[in-house]
Structures are given as structure tokens and as C-alpha cells.
Amino acid sequence: MHERIRHEGMLQKRMSAGEAAALIRPGMTVAMSGFTGAGYPKAVPEALAAQMEAAHAAGEDFKIKVLTGASTAPELDGVLARADGMELRLPYMSDPALRKRINDGELDYMDIHLSHVAQHTWFGFYGDVDVAVVEVVGILEDGRLIPSSSVGNNKTWLDMAGKVILEVNSRQPAAMEGMHDVYYGTALPPNRKPVPILTPSDRIGEPYLRVDPEKVVAVIETDAPDRLSGFSAPDEASKAIAGHLLEFLDHEIRRGRLTDRLLPLQSGVGNIANAVLAGLAEGGYKGLTAYTEVIQDGMLHLIKDGTIGFASATSFSLSEAGVEEFTENVDYYRERILLRTQEISNHPEVVRRLGCIALNGMIEADIYGNVNSTHVAGTSVMNGIGGSGDFARNGFLSVFMSPSVAKGGRISAIVPMASHVDHTEHDTMVLVTEQGIADLRGLAPKQRARTIIANCAHPSYRPALTDYFDRALRDSYGKHTPHLLGEALSWHERFVQTGDMRPAS
Ligand code: 0RQ
């Protein structure tokens, strides 16, 4: 019997990636697996991109609509973007080639809260799903699927798609079997029931994905690793941000608002998130929990040393060393990790019930606490909102972090008015930069402005922000949230024109 494909019918459906890709036709909506560089299909998108390029060379149109879990990798987003093969892409992405096409206005990108994607698909907001392309670790005798390094929206894709293409990746550790929790209790309004998760470790579903074998039109065997993102050591600013945040958490414990077990942590991706995790390890915490989206190397270390006792997520996004560590100690991690569908890992009901501590990065915040996570100069998308909104609005604490300046000081992360708003002033409780922390809880707009400018702005921008705020206090049309409307976005305009937010003088 084939080691990874144990279902006789599906074994017969093995074919090459090129043959499978040929089942995808122009204009189709194709839902693919993948979440933060993990568990995405590695062969079919590349073969499809080659077929698109051939069609384009022959003067034919060939573009598809692509739905995923979150960001994927060069082998999916990169190749399809370079082949100019997408007319629509959703949700979160981080591929440079794709980002460029989006910001050049060459394809439509829809940035959607990650918890919304599955239910919006069920609601019919994105039309029919023609084909699902999903990576799995293996296929059981009865046709159920062992999920891969991410679960993402795969349950929904397999349920909704007219046809299913499976990539069985033998490089993914077989030992992951049993670590997933796929919830089949979701229903559509008005028939929904509570999602019965009371602690991050609660199992509410099954370790396998179901698929109707009749819908499976192709099975492809692959043997390629995930994107395997490495990390640079935290820089000084990241370390300072982590330091302020850890001091704040200590303060909350002393005030009795948190215990030394904290509350389930949600941590974004990137260098600052990694520095915060590294800081937690040094903070003497034990037995914490995480209810989050992504397990990166930093989280694995915390699980190994007991800082984190249990982590629930939807994806493993590990470096090569991380995969090795995981594989060698899989029995240990199996007791301490669950991967869920992203509609559950990011479910607002669960995030609110558990009281998550949401820790996310930002592009900029304004003096009132509106946060821009996604758009440089209000127009050029970076990655997308990801799950930050799912957690920020519903968490016990919502924290946004960034260095106070970007691009060598030419950009201030604290601005008079955010050039794009992902998280409103109502969703932001704490802002942190390397300069310090602004605790906005219980503060009215003008108090927030004074706190943010004093504690978070870089000294080279503080006088200009103070000057703006003072003049707004005097001259604003309304005095509740004072602004000088004609001037509020002038910092961004100056950056677009000169490459620098600082005034010429
Ligand atoms: O640019 O790559 O050219 O150097 O943005 O910034 O400082 O390295 O920080 O990696 O934490 O990313 C908001 C993008 C921050 C991220 C964002 C430029 C900066 C650099 C990266 P370079 P840093 P990070 C969980 C939750 C939204 C989704 C989310 C993000 C690059 O945190 O995508 O939270 N968040 N998901 O130079 C111009 C500014 C800038 C700026 C930073 N004000 N203007 N450029 N940069 N601030 C994960 C998921 O949901 C899947």
C-alpha cells in the first residue's frame, strides 16, 4: 500500500501537476490552501503559471480568482503574480511580486478579516468556488485527509469547491497526524450554536479533514518544504518595544488586572513579535497559553522551556531549524499544540470569551489611537489586516507596536491623522514604540493625544506633533477630537512628494 495515499480510489487519481493544472480554466475561482508560508500547494500553481504564460504568449487571456487562508510563498503567489495570472486575490498576502502588481493597480486585492473569509464564502459573497487546491500530509483508507502544516480555510474549500485537487506532500512530517482540530459544528445564521471552546486546549472537532472522494479530480505527489522563513536577531528597537510591553504586563499583574499566568496570547508575525516572545522567556513566566494564528520558532522555544504550556493556532510557520526541532520532539509538542481552522483560531466569540491579549504590529497610529496596519501613505498596501482585527476588537487587551520611525527617520509612525484606518480608536488600548508605552484605556481623545505624543512619538517628530495638536485645540471646527482638516494628512503628502515627512526646514 502507498504510505501516504491509502485510499484506493484516490490512488488511481494520481497525475502530474501539469495535468492537474490543465483542469483549471480562465475565469475560475480557485481556493488554495496556505497560511503564512505554510501548507500551501507547491506544484500545481507553478504548472498553472506556466500554462498561463503560454496562453498569454498565444494572445489568450488566462486569469483566475485566487482565495487562500493567508500569505503563501513564491511558489504560489509569486509565480501567479509574475505570470499575470490573477484578476482577484484575497485575503492577506506578503509576496513582493504580488504586492507590486496590486500596488501598480494591475489586479484587485480584497483585504478581509481572516475570521470572515470562510463564512463570507459560505454566505455566497464571493460566488461559487470552482476548484480547491489543497496540500495534505496524507490520505486515510476511508478518504479522510491528514491536514498539513496549516489548516486555514481548507475545511471550507473542500466543502464548497466543485472539484478538488490534492497535493500530498511527503516532506511534511507524518508525525503531525493527530495535532489538528477541524470543527464541523459551524452552521449558517440563524442556526448557529455557541463555539464550545472554554480554554485554548479544548478539542471540539476531528483531527482530519473530510472530502467527498467523488469531487477529487486529481492527486499530486510532492516533496518540497514550506517557505521556511528564518529570523534575524531582534534589533535594538524591537528589544526596547518588548521591554516596555513586558514592564506593562508586570504592572498589570501588580495592579491585579492580570495574574502571572496572564491570559491567552495572540502574537502577530515579524521581528517585533519575535522579540516579545523572546522577552517572555526571560520574564520568568511559566504555564502561559497562546490562542493565536501562527506558531513560529519563537513560540516553539517557549513551549519547549515551559513558558507556554499550550498553544492553539492555525499554522506552523517554522524555519528549517524549527521543523527539525519539531520533528525530533513531536511527542512533546503533540501534547501542547492544536491547529484549528482559521474561522475558529480567529473566532471573535472565542477571542472575547478567552480574553486574549492581542499583540500586533502596525504601520502607523494617529494621535487619537486610530491604527493603520496595512497602507503606506494610505494608498500602497503592505500585507493586509490579517487576523489583527479579529483579535484587537475582541481581546481583553489590544496592543499595537512599531518603531516610532521608519525608513531611517524619514517617516514617523505617529502622525496627526492615520492615512488609512484598520483599527479604530475604539479598538486600540495600548500603543508601544521603542520610546515608550501609551496606555489609552479610560482616556478621552484629547488625553489620548497628549499621552501618545509624549510617550510614543520620536523626539524628532514630537515638537511638530505638539504644535499640530496645540493649533488644532485652538482652531478645530469641533473640540472633541480636534483636527486641522486641511493639514491633517500633509505629513503623508510631503512624504509622497519628497520622500520625507520632515518639513524642509
Ligand atoms: O519595510 O520591509 O522595506 O524594511 O514595513 O516593518 O518594522 O519590520 O515590522 O515586520 O512587524 O511589520 C504592520 C507590516 C509591520 C505587520 C506590519 C515598513 C518597514 C518595513 C515591515 P522593509 P517592520 P513588522 C498576525 C496579525 C498586519 C497584519 C497583522 C503587518 C516593513 O505587522 O503586516 O497584524 N501587520 N496580522 O520599513 C512606511 C510606515 C512604516 C513602514 C513600517 N509608517 N511607513 N513603511 N514600515 N512602518 C499575522 C496574520 O494575521 C497572518
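The backbone N, Cα and C atoms fix where each Cβ goes, and this holds for glycine too.
What TrEMBL says about a protein is an automatic prediction, not a curated fact.
A quick note: this is a predicted structure, and the numbers were derived from the prediction, not measured.
When the candidates ILE357, ILE363, ILE367 are compared with the CoA site entry in TrEMBL, which names ASN383, GLY387, LYS407, the shared residue is ILE363. Regional average pLDDT for the domain 'Acetyl-CoA hydrolase/transferase C-terminal' (322-468) in the model is 97. With a 10 A radius on its CB, ASN383 (CoA binding site) counts 19 other CB atoms from all the protein chains. Each residue contributes its Cα atom, and for LYS407 (CoA binding site) and GLU293 (active site, 5-glutamyl coenzyme A thioester intermediate) these two points are 28 Å apart.
Cα spacing between GLY387 (CoA binding site) and GLU293 (active site, 5-glutamyl coenzyme A thioester intermediate): 8 Å, rounded to the nearest whole number. Under the DSSP three-state reduction, GLU293 (active site, 5-glutamyl coenzyme A thioester intermediate) is assigned to coil, being neither helix nor strand.
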